[in-house]
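Structure first, commentary second.
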Amino acid sequence: MRVAMISMHTSPLQQPGVGDSGGMNVYILSTGTELARQGVEVDIFTRATRPSQGEVVQVAPNLRVINIVAGPYEGLAKEELSTQLAAFAGGVLEFTRRGGIEYDLIHSHYWLSGQVGWLMRDLWRIPLVHTAHTLAAVKNSYRADEDTPESEARRICEQQLVDNADVLAVNTQEELADLVHHYDADPDRISVVSPGADIALYTPGNDRATERSRRELGVPLHAKVVAFVGRLQPFKGPQVLIHAVAELLERDPQRNLRVLICGGPSGPSATPETYRNLAVELGVDKRIRFLDPRPPEELVAVYRAADIIAVPSYNESFGLVAMEAQATGTPVVAARVGGLPVAVAEGETGLLVDGHDPALWADTLATLLDDDETRIRMGQDAVEHARNFSWAATATQLSSLYSEATTAECDGGIPRRADGARWD
């Protein structure tokens, strides 16, 4: 089987935590790699962002990333990339025609890619599987006060994809429910495919490994450490953690607490300086260390150095950071939103917080920070929990889904009107 994956707005080869690169990039590269190992030929189409990239990158046997020139290499924000959909689609068509390449199925990721996938589906007359990763209606329902709302244009495009894709692949039952509730999706066309973690890379370390990680990161060996890993934007909630830390230290100024915030800027709503300034304003800047985004092999040290990983997001379709942390043996305190209650086994591998009140977050963090026995037990259970979520298992689910889609009587290649209805 040969599959065309589309990830227009961000390359799976880009460093997670930088700009628009995050969990989706990890998902695409990880599933592509595992599908390739299972014998599926995968081409991932993405927009070129620098001339030195080269058109084709052979990532592994059966796995290529195709860089399509569409608009300037730099200077376009994600919100402006819809202006380049035609150029990108034209580049995909030109590449496949030049190489005489035919695909059995398209798998698009995010709404921008979905619009291109929808067109390719009708031109190539093959099935379209679409994964949204995030949804405008959901983000607007849960967004932080500081966040910029998602546009109505995006929501309309997502509705078109919900109505026209042959299969909608989602991470959890919660995401399925969101599609039905906000977009009136047909449940029979939705398949739940659980994401995973690189459980060969993210492994628990012993005391010596933890000590080494803390030395590398400049963290006191005997401090209690809470870490945040993710893009620095209000929707991910770093401001919630900073306020919670201020609350904890106001209650007990002598608490031996350190915080690591690992991530880069993303989106128009905030910059790293926003959060550094907030820490200074609240008087906790001496307790917080900001780290640049790190590749996965270096991110392991951040997870191992922490006693707790905090995931205060306003919504997550799954929560890869939570799963990676648990694979390394670090318990998680996460917001009770989206797919996080699936990623975190409440009371067993971590704790869930209702809402984003810093005082409540401080209470929950203190519960684990002050109970070594429970925290250590949760870390041990977290490793076992994470073993149920591997990228190999995700790829196996996707491969089965692809096979079903290519053999079923899907709408692949049947044009629809602009309102989503099929032509008679």
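Keep in mind that glycine also has a Cβ here, set from the backbone N, Cα and C atoms.
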Swiss-Prot annotation, 1D-myo-inositol 3-phosphate site containing H9, D20, S21, G22, G23, M24, N25, K78, Y110, R154 - matching residue among T134, T172, T203, T210: T134
Per Swiss-Prot, Q15, P16, G23, R231, K236, E316, E324 bind UDP-N-acetyl-alpha-D-glucosamine; matching candidate in R47, R50, R208, R294: R294
Max pairwise CA distance, angstrom, over record-listed 1D-myo-inositol 3-phosphate binders H9, D20, S21, G22, G23, M24, N25, K78, Y110, T134, R154: 20
Neighbours of T330 (Mg(2+) binding site) among the binding-site residues P16, S21, N25, Y110, R231, E324 (Cα to Cα, within 10 Å): E324
Integer Å distance between the CA atoms belonging to N25 (1D-myo-inositol 3-phosphate binding site) and A306 (Mg(2+) binding site): 24
Distance, Y303 (Mg(2+) binding site) to E324 (UDP-N-acetyl-alpha-D-glucosamine binding site) (CA atoms, angstrom): 8
Those binding-site residues, out of Q15, P16, R294, Y303, that come within 10 angstroms of N25 (1D-myo-inositol 3-phosphate binding site) at the Cα: Q15, P16
